[in-house]
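Okay, structure first, notes after.
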Amino acid sequence: MEQDRHMQALEREPIGKLLLQYSLPAIAGMVAYSLYNVIDSIFIGHGVGAEALSGLGVAFPIMSLVFALGTLVGIGGAAVCSITLGRHDREGAFNVFGNMLLLSIILGIAFGWGCCPILHPILHLFGASSGTMPHAYDFMLVTLLGLPLTYAFFNMNHAMRASGYPRKAMLTTIITVVANVAFAPVFIFTLGWGMTGAAIATLLAQCVGLAWIIHHYRDSSHTIHFTKGIYRLRRGICTAIASIGMAPCLLNACGCIVVLVINRQLLDHGGDPAVGAFGVISRVQILVVMVVIGLTQGMQPIAGYNLGAGRLDRVRQVLRYGIIAGTGITTFGWLACELFPHMLAGMFTDNAELKEIAERGLRLSALAFPLIGAPIVIGNFFQSIGRARISIFLSLTRQMIFLVPLLLVLPTFWGQNGIWFAMATADLISSAVAWITLSWFFRRKMKSGIHDEEMA
């Protein structure tokens, strides 16, 4: 059967071939996801103005929190699904899928609709000024109202990739990006709806992708598909999803706090243009980071399935290949930020002050970029093999233990440049911590007489 062939390949095909097969579509999907924000920023920066771009920068930490809750279900559920399929428990995988769908809708309604009545004070907390508030509010209101659909779209796509259809998952995201590119200029320019139009265009594009996903899951020949009896929350499954998804969720939630601190510091050391410049910087750098995250998403079903099948030699091989590839990706990103900052900043805005701040920030904040590929891969590796506590620890070290204190201290001495130096310094320290943690883990598990099976 088709589903058996997909699953057996994870245990038998060469790791390098599998990593390309699964990671390239996942990378394309994550880059496409990043392009949502990039496309919106480009259209908003050139079509609505620099102040609107700064408003989008204010909205960015809330978007990070939205993404964080989504990864709790999406990445956690995908990992549990892969491990369950690796144990040849298809009924269990069906139940995981049903719980992922229910949790996506519940979280979308609870968080998205719950935030709408208090959106103004939330935006004030995250640094909105009288000039940026209307733009940030218009964009976030539509985004939050459509959150149940957004979560269903992204998390069902995670399940599609985890169940052996990485190319179709990639195609889903590409379809939505193409739709967004088509819709955005119509709603922003032709209809003149500005920030509201940008958010509506993104939501409609996700609905197009969701329709494609629903078509996939209606086919009973696929590994996982719609069926009766799976749409009931099960405590054990929800706990397993949350335990694995907590690490990426905390990572992105901490990112929300970090951006809050950065925005506040930038308001003190540059005002609204500096906040807008950080919005440009974050979108450029996240585009690179998302490539690495796409790589780790491609690793996840391979590592998870082989862990469930007891093939720990293949799990270690996935990690080795992933670290090499991740380092190469972030090194390329570092070169782009150092050599072409003017071109990158100019993609988003024509405002001279905003561009100048963004160019300098790109160069300084990316100084340690070549080092961050490995810790991202290492953290996601621990998540894929069910070592949630280690993954959470690595997630918290850069964001909360290192970066936030540095952001509070360094600007006192170097002003705005201190904010960019804080990011690079935190990258350097957290990279060292990740390597030390990985070395400790393998030394303890592989050299102290503990059997490989205990990694599970």
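Quick reminder: no glycine exception, Cβ is built from N, Cα and C everywhere.
In TrEMBL, annotation is done automatically, which means it is predicted and not curated.
Listed as Cβ neighbours of the transmembrane segment (20-39) (distance under 8 Å, sequence separation of 6 or more from its ends, same chain) are residues 13, 63, 154, 157, 161, 166-167, 169-174, 176-177, 180-181, 184, 202, 205, 283, 286-287, 290-291, 293-295, 297-299, 301-302, 325. According to TrEMBL, the feature transmembrane segment maps to 20-39 (among others).
For 59-85 (among others), the entry in TrEMBL reads transmembrane segment. Note on the transmembrane segment (59-85): residues 7, 37, 92-93, 96-97, 99-100, 103-104, 107, 111-112, 115, 122-123, 126, 136, 139-140, 143-144, 147, 150-151, 154-155, 157-159, 161-164, 223-224, 237, 240-246, 248-253, 255-257, 259-260, 263, 279, 282, 297, 300-301, 304-305, 307-308, 383-384, 386 of its chain, located 6 or more positions outside it, place their CB under 8 angstroms from a CB of the stretch.
Annotation source TrEMBL lists transmembrane segment at 97-123 (among others). A Cβ distance under 8 Å defines the sequence-distant neighbours of the transmembrane segment (97-123), meaning residues of its chain 6+ beyond its ends; these are 58-59, 62, 66, 69-70, 72-74, 77, 81, 133, 136-137, 140-141, 143-152, 154-156, 158-159, 163, 224, 230-234, 237-238, 241.
Per TrEMBL, transmembrane segment is recorded for 135-157 (among others). Cβ atoms under 8 Å from those of the transmembrane segment (135-157) belong to residues 29, 33, 48, 51-52, 54-56, 58-59, 62-63, 66, 69-70, 73-74, 77, 100-101, 103-105, 107-109, 111-113, 115-116, 119-120, 123, 128, 169, 172-173, 176, 194-196, 198-200, 202-203, 206-207, 209-210, 213, 217 of the same chain, restricted to positions at least 6 beyond its ends.
According to TrEMBL, the feature transmembrane segment maps to 169-189 (among others).
If one looks beyond the transmembrane segment (195-215) by at least 6 residues along the same chain, the residues whose Cβ comes under 8 Å of a Cβ in the stretch are 36, 40, 43-44, 48, 52, 55-56, 134-136, 138-143, 146, 149-150, 152-153, 156-157, 160, 171-173, 175-177, 179-180, 183-184, 186-188. The transmembrane segment annotation in TrEMBL covers 195-215 (among others).
Residues or ranges marked as transmembrane segment by TrEMBL: 236-262 (among others).
Beyond the ends of the transmembrane segment (274-297), by six or more residues, the same chain brings 22-23, 26-31, 33-35, 37-38, 41, 45, 50-51, 53-54, 56-58, 60, 75, 78, 127, 132, 158, 161, 259, 262-263, 266-267, 322, 325-326, 329-330, 332-333, 336-337, 344-345, 348-349, 351, 354-355, 357-358, 361-362, 365-366, 369, 372-373, 376-377, 380-381, 384, 416 to within a C-beta distance below 8 angstroms of the stretch. Look at TrEMBL and you will find 274-297 (among others) tagged as transmembrane segment.
The transmembrane segment annotation in TrEMBL covers 318-341 (among others). Outside the transmembrane segment (318-341) by six or more residues, the chain places 15-16, 19, 23, 284-285, 287-289, 291-292, 295-296, 299, 302-303, 306, 358-360, 362-363, 365-367, 369-374, 376-378, 381 with a CB less than 8 A from a CB of the stretch.
Residues or ranges marked as transmembrane segment in TrEMBL: 361-381 (among others). Note on the transmembrane segment (361-381): residues 247-248, 251, 277-278, 281, 284-285, 288-289, 292-293, 295-296, 299-300, 303, 318-319, 322-323, 325-331, 333-334, 337-338, 341, 344-345, 391, 394-395, 398, 417, 419-421, 423-425, 427-428, 430-431, 433-435, 437-438 of its chain, located 6 or more positions outside it, place their CB under 8 angstroms from a CB of the stretch.
Among the features that TrEMBL reports, transmembrane segment is placed at 393-414 (among others).
Taken from TrEMBL, the feature transmembrane segment covers 420-442 (among others).
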Restricting to the same chain and to residues at least six past its boundaries, which positions have a Cβ under 8 Å from a Cβ of the transmembrane segment (169-189)?
24-26, 28-30, 32-33, 35-36, 39-40, 43-44, 47-48, 153, 157-158, 160-161, 196-198, 200-202, 204-206, 208-209, 212-213
